[in-house]
Amino acid sequence: MGGLKVLLIVLYLSFVVAETKPSLAEKLREDADLSQFLALLERNAVANTTLQHRQTTLFAPTNQAFQRYNGEMDDSLVLFHISNLAVTLTNLDYSISSELDGNPPLWITRRRDTMHDDIYVNNAKIDISRSYQATRNGKLQVLHVIDQVLQPLLPLSQSSGGSPIYNPNAYQFLEHSDEFNVGPHRLRSFRQKVNQLQKKEVFNADGRHTFFIPVDEGFKPTTRSDLIDAKVVDGHVIPQHVLFTQATPDNKEFKSLAFTDNVKVIISFTTTMNGKEEITFVNSNTVAGDAKHSRGVVLADIVRANIPVKNGVVHLIQRPLMVVDTTVIDFLKEKEDGPLCKFYEVIMDLGEHNPFLNELTMAKDITLFAPSNEAWNEISVQNIIRNHHKLLDILNLHLVRERLPLDAIIHNNMNQHPGTIYQAPTALPRRYLYFNVINHHNNMTLTVEGGGVNATVTQTNIAATNGFVHIIDRVLGVPYTTVYEKMKTDPMLNITYNLGKRQMFNHQLNEMEHRYTYFVPRDHAWLKFQIKHPSAYNALFREDFGYYTKQILERHMIRADRSYTVSDLKQLANETHPFVLPTSRDPLRLRVKESDKNYYVEWNGRWIHVFRPDVECTNGIIHVIDEPFVLESDIRATGASDKTRVAYPLSLLFISFVFARILEY
């Protein structure tokens with residue numbers, strides 16, 4: 001009996017504590033940030049009754065969320081934020097029914113993080129630090145604060161006839177879209193195709209799915225409708241996933257219903273900024289196609305996002321997915337606020353009949369590396385735009401006269417000789433793009449370098465009838481780093497950069513008072529040197545040999561009032577007449593030749609391949625070469641494995657050094 005009495009006392013005390021804890025209504029009144037939600041709640045009789053007498057879960061938008069909300073604001077809106085189930089953070093999963101007419105579901109998404117889960121209800125994020133629970137008349141009540149107002153799908157007050165449809169599924173919404181408020185958009189063209197192709201069951205399916213419905217404006221030209229078959233309709237559905245835009249990570253790929261043995265289509269979201277406005281796109285990527293369905297990505301702007309339906313969520317999109325029926329130039333100009341609208345403006349600044357525009361229009365097989373809208377905001381880029389002659393060269397640097405989808409670039413990179421990377425000739429004569437594929441934790445990143453600028457490809461494989469478009473995050477050929485910064489960040493130049501740390505040699509490469517021409521051996525060149533002269537190579541990194549290391553690097557660098565491209569050097573020094581350039585160390589006698597579209601410089605009797613010419617920087621130019629300018633005397637001074645062999649040359653060099661300094665005085 002004693003134990004039972006203790007248990008009853010504990011239960012009683014727990015009940016008393018729970019009842020004395022502030023109620024949800026009191027909590028709402030205490031929090032000034034939730035005052036607009038409280039006012040909406042107090043105006044609705046059903047909501048008030050629920051709050052006074054029943055278990056419930058409230059999803060309360062902040063005042064700031066209401067300020068951003070541009071949907072309908074009637075007294076019933078609050079019921080879409082209330083459930084008659086009490087669900088704590090731990091138990092929030094899948095969906096929860098709301099109190100709105102028809103009891104439409106509120107869809108729950110958990111985004112896994114290394115530290116915790118982010119939890120979303122429809123497109124609103126829950127502030128998990130502000131969730132609260134209390135008991136009212138023995139009923140558990142839960143409050144979750146959210147960052148967006150939940151927008152329900154409501155029938156228009158005056159429908160075309162019959163009873164209004166509450167809580168429609170995706171097909172009911174499509175079939176009766178004129179009876180819902182979807183703004184200026186009409187869905188008749190896609191609805192007609194779905195019915196004609198007998199794909200009603202796809203949008204009627206129970207469960208939790210994501211549906212993309214193109215609006216009528218996206219069916220121009222009218223021939224586009226003819227390209228939509230049953231497989232394309234399937235490509236507009238992601239089964240078993242409810243994907244709201246804020247709750248879904250960018251670029252995360254999901255299999256569409258059109259993921260079969262022959263055709264495989266995956267879908268992802270991409271968010272970009274156009275000025276201060278955030279725009280979300282959906283991408284369909286046909287990774288395996290057939291005669292009717294071209295491989296590649298189709299990008300569609302989401303014109304009305306996050307429409308909740310009984311079996312998932314609907315997004316209205318600006319054009320059909322999977323349908324490839326536009327040229328490269330058509331894609332650039334398709335939307336005034338599209339992801340490449342600024343690039344198109346820059347092209348048109350050169351005139352309606354400029355050669356670059358003509359090639360994009362007429363060429364049959366091209367790949368365009370197109371800078372994003374944000375890439376054109378750099379000050380250095382703005383200056384280039386005003387120089388039309390230079391701008392035409394810059395534009396041509398972004399164009400390759402062949403089809404280069406991502407898998408072709410990867411394949412070409414993998415089939416290069418050891419120590420080389422794939423390069424593609426551009427429309428700018430003697431200029432190439434260099435590609436690097438980086439794999440990190442199963443995430444692959446493609447970078448492309450042109451004219452010394454390294455850009456990341458943010459969107460690959462946008463398909464056009466005459467080629468592909470890859471979106472990049474920088475304008476190629478417009479330098480934005482000094483020689484020092486380029487050396488520090490270029491993965492091909494690590495060894496020369498680390499050698500330059502000796503005697504503070506690198507520091508000068510940040511100066512803007514001079515112009516540098518720097519012949520930089522790439523890492524592969526130094527590794528070949530290491531195999532041939534291991535002792536000399538190792539000595540270059542020793543502190544006591546820092547002076548000799550600096551000497552060797554100085555031989556590679558010209559510091560003057562101008563920098564020299566390889567073309568400049570070729571004009572000054574041909575195969576028969578060498579040209580002498582003053583370096584910080586020895587005069588640099590060079591001859592230059594061109595063979596099989598590659599440049600070579602002759603130094604000390606050896607023809608050395610220029611692997612990457614004309615890497616432009618803000619204070620000079622780097623030429624990446626395949627062999628260091630190292631003399632035999634350098635090797636004797638640094639490389640003998642026998643101490644007695646090295647003693648004499650070192651002593652001789654030291655005496656020469658001292659003698660030279662005495663003469664200076």
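Cβ coordinates come from backbone N, Cα and C, glycine included.
Per TrEMBL, these features apply:
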type   : residues : note
SIGNAL : 1-18     : signal peptide
DOMAIN : 21-150   : domain 'FAS1'
DOMAIN : 167-321  : domain 'FAS1'
DOMAIN : 327-476  : domain 'FAS1'
DOMAIN : 480-629  : domain 'FAS1'
Residue counts (helix, strand, coil, in that order) that DSSP gives for the domain 'FAS1' (327-476): 51 helix, 47 strand, 52 coil
Summary of DSSP states over the domain 'FAS1' (480-629), given as helix, strand and coil counts: 57 helix, 49 strand, 44 coil
Counts by DSSP class (helix H/G/I, strand E/B, coil) across the domain 'FAS1' (21-150): 46 helix, 40 strand, 44 coil
